[in-house]
Amino acid sequence: MDTFHLLLAGFAEVFKWQDMVALVIGLCVGMAVSVLPGLGLVMGVVLALPFTYSMSLETSIILLTAIYMSGTYAGCYTAILYKIPGEPMDVPLLWDGWGMTMRGDAAKALGWALVAALTGGLVSSAVMVSLAGPLSKVALSFGAPEYFAAVFFGLTTVVALAGKSLPNALISLCFGLLVSTIGIDATYGSERFTFGSDVLINGVPFVMVLVGMYGFGEILDKIGQGSKSVSLPAGSSTATSLPSWRELWGLRATLARSTTVGTLLGLIPGAGATISSFVAYGIERQYGKRGRQIGTGIPEGIVAPQIASTASVAGHMVPLLTLGLPGSGATAVILAAFLLHGVQPGPFMLKNPESALTVYTILASMFVSVIGMCLLGFVWIRLVIKVLKVPPGILIAVIAMFALIGAFADRNSMSDLWVVVIFGVLAWIMERVKLPVAPMVLGAILGPIAEDSFTRSMITYHDDWTMFFRSPISASLMFLSILSLVFPTLKKMISRASARKNADVKMAEAAAARAN
Amino acid sequence: MSSKSVHGSAGSGTPVPALKWLRELGPYVLIIGVAIALYQIASRISYTEIPGQMGPERWPKIIIALLICVSGFEIVRRIIVSVRPRAAAETVDDEGFSQQMEAHPMLVAAATAATVGYLLLLGLLGFFTATVLYLAAVMWIGGVRKPALLGLLSISFGFVFSFFFMTLIYVALPLGEGPFAQISLIVMKLVGAN
């Protein structure tokens, strides 16, 4: 079957009642977690993960993808109406969204956000669906060195984009990779770092690392912020007023530019919705027709970040489905859901007709999710915003229970709960000492894949590491990996040098002025 | 946290106090210490050696070596940055292990202690009783200070969670021991769990 027919078959699957119910629940959950400040969409995906154990693979991935998709949209309501960004990616939205609200154009601002989410989501999903086939064909030609190079590229870009400090991100990544080596080694069957403990022989379950670091860690973070409830202004309306065709035509360049930015950035591992949102906003400010007015409350300032953040979802999903490589926290959780069902996503999924249908059902669900979240925005958001009024203490207690018992439900194991608590506390400490959490989580998940492809390459090529630089694909990926690590350092050095030069010039000017 | 408080005296070229050195470099030194210990443990991993083929210790050793190199680099970089006299206008990057204090670190400690207590008591008290106590503790830590509301909410949520996990998604949760097992069985009957 060709792509179009597979996609049509995928749509038919999505509209089966189990998948549809999962999709609607996912959209509602995603909206709820994304409006709550301090609770990210990744946490929503993590909390839902344990409930997918008893579902079919398709249904569970549709549920998690719907949470991921709607999590990039609903935050616009609180950002625009109350100046409360539910997620970091919503921060650029409030600069112009709040400006429009202050002028009495809140309904229009929400309308622009809706159109932006719809455009970004649909266009990037369409682009990614058309890329899925060719990407998986390329991936099928991968040998162990190419696969290691692809994983290495994913890890280095995550490190490069994870935080201000490259060394700290590298340290965090090493922690994650080391965690993944605990237990019995897959090639030789040797015990590694078990310290004689039976609990560690099977390794540290990466799902518990995820639930601990993204779930319990965030709960601790929220508790640490104190118990201040959000006070919402009385009489605010969630009414949405859609822009006219003429207004839309006026913003065609912004729409095209931001969709391209979001989709392309989505393909880069580590550049999640937040980075896409800020980059699109920055590009619009620099190259937009009304760039100088951005920040004063104009639609371009809402459209650019909203499009880019929603478009990045499809951008991240396709490398996951075709290469098996997650590029963000949410896709790492979705990969975990695949692995929990005994399926390794990758190019082979598209070769088998049954699993190809699963892939295209998931891709079709992204289109339905985009339309569904925009429709739900009208109805469900009034209720969701009321969640902001629930005292944080109650909310934290409920979420903590879901995280803990959800983790317990996987294997009915108390040791898993201890892993969740230990990694949760570790995540909290890491945040305090400015060690980014994301590289460690991705390291723990991708560690076994990286080690396996590295070991196979080294065994096949008799310990000759230069093979990573011999084939055009692996050499290009390794070069890009090195570039992604070196580039931020070079950029920082150049900006420091220019800052120093500017300071010297200013001092010289001040000295000259004093002399005169 | 402002960068000034981290590097304080560095900009003027005066010596950096020992406490600041410790806070700046301590974690990296600790990481190197732990990494060296792990490297030694990795060297002792037993396996049947195949000539010309890498062993199971190679991959962890590469990661540990990278960890040591990065931490060592950061220590050296921080020492150079701290002792180098710089112009007053030059700003210092706010990186590394700068402590970012929470508004309420004690609440975090209390919540962690409550969770540890919950896990320790889950087997003895059973899911329902332990959960009611845990929910009450976390809500109290989270700022809900009305005893009647706390009691009502934690018992109600206890029932809701029992129904959700036991009846709807069939999780085999601990029943507890002695009288607590009886409470769990009554709750199971009430929520319709088998």
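Quick reminder: no glycine exception, Cβ is built from N, Cα and C everywhere.
Taking TrEMBL as the reference, the stretch among A:169-187, A:416-434 described by the feature transmembrane segment is residues A:169-187. This prediction places the mean pLDDT of the domain 'DUF112' (A:21-442) at 86. Counting Cβ pairs closer than 8 Å and at least 6 residues apart in sequence, the transmembrane segment (A:61-82) and the transmembrane segment (A:393-409) reach fewer than three and form no contact. Counted over residue pairs 6 or more apart, the CB atoms of the transmembrane segment (A:144-163) and the transmembrane segment (A:320-340) come under 8 Å in at least three pairs, which marks the two as touching. The list of residues near the transmembrane segment (A:320-340) in space but at least 6 beyond its ends in sequence, with Cβ under 8 angstroms from a Cβ of it, reads 40-42, 45-46, 49, 52-53, 57, 60-61, 64-65, 67-68, 71, 132, 135-136, 139, 150-151, 154, 157-158, 206-207, 210, 214, 266-273, 312, 346-347, 349-350, 359, 362-363, 410, 438, 441-442, 445-446, 449.
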